[in-house]
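Here's the structure we're looking at; comments come further down.
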């Protein structure tokens, strides 16, 4: 049986990072995102600079103001965060259909079928992180392991912008040294109860037998017993069947130069073809999307008789669609190319070169 390979991707201080990206003056500052203090709001996300003052998520904003009176307080923009999250989830699904989102900024990916001797899971994780940064200009941390519990644990071990692999050769050492409060799923109340029973580390948890843990913690006891041994049989549950594959890019400045835009469409067509290759699909529709300098979004789609998957085929259709959409008088800030109506296709075995 093929050994599972699971990636857990967790965006770094997601809401605050989006705000820093959109307002560069906030970079390096203690940024706190959430509701207004006067409305009894809570902190959604705090930058690492703000965390140094003791500010953390779910903290009342009034308390955050006391801890960090000179912080930069930003009201949450959930429409923006959802839009960016959609871009990130699209990248995940360009690698595998087995994606289980846990929130706007984190997800599990089962990439077992992609792993090859020359293409380890850690390399794929880094390619995903690279793609996220290219599209969103945001960093992400990743954990790689043979089950979901360990992958999530790993993703938090080298933040921000880090990658950690937990495998059979290091899992026992990591778990034994881990503070019990750092085990995923162990909150403040559970930590306090464990301390009452002299459980402070993974080693202490490991030393308790299963029956004692069940006696102390009820049904959760069996799960805790397994966690101390790095055991987790839960599978990645795909949230939906993938219907399209696409890539989009935002220009650094608004553009109305056809040569520049067509070069970008060529690049996006190539990226989309690569992603179709990875998931072994081809498609019968091509869509080109444009966002103008005024943030108006327009798109045009063409349906095909036969499915396509190559860069050349995608580009030729995207070229025509762009020419139908463009207005020489209106600069654009974003261009996207998507292939939809996907169906299974026969592909060669993947190598590392398919991801570069």
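Glycine too: its Cβ is placed from the backbone N, Cα and C atoms.
Swiss-Prot lists 6-187 with the feature domain 'UmuC', giving sequence analysis as the kind of evidence. What Swiss-Prot lists as Mg(2+) binding site is 10, 105, and the listing cites sequence analysis. What Swiss-Prot lists as site 'Substrate discrimination' is 15. Taken from Swiss-Prot, the feature active site applies to 106.
On the structure: features taken from Swiss-Prot.
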| residue | record | DSSP class |
| --- | --- | --- |
| 10 | Mg(2+) binding site | strand |
| 15 | site 'Substrate discrimination' | helix |
| 105 | Mg(2+) binding site | coil |
Close in space, distant in sequence - residue 106 (active site), Cβ under 8 Å, 6 or more apart: 8, 9, 10, 11, 155
Alpha-carbon distance [residue 15 (site 'Substrate discrimination'); residue 105 (Mg(2+) binding site)] in Å: 9
Residues satisfying Cβ distance under 8 Å from residue 15 (site 'Substrate discrimination'), sequence separation of at least 6: 33, 44, 45, 76, 81, 105
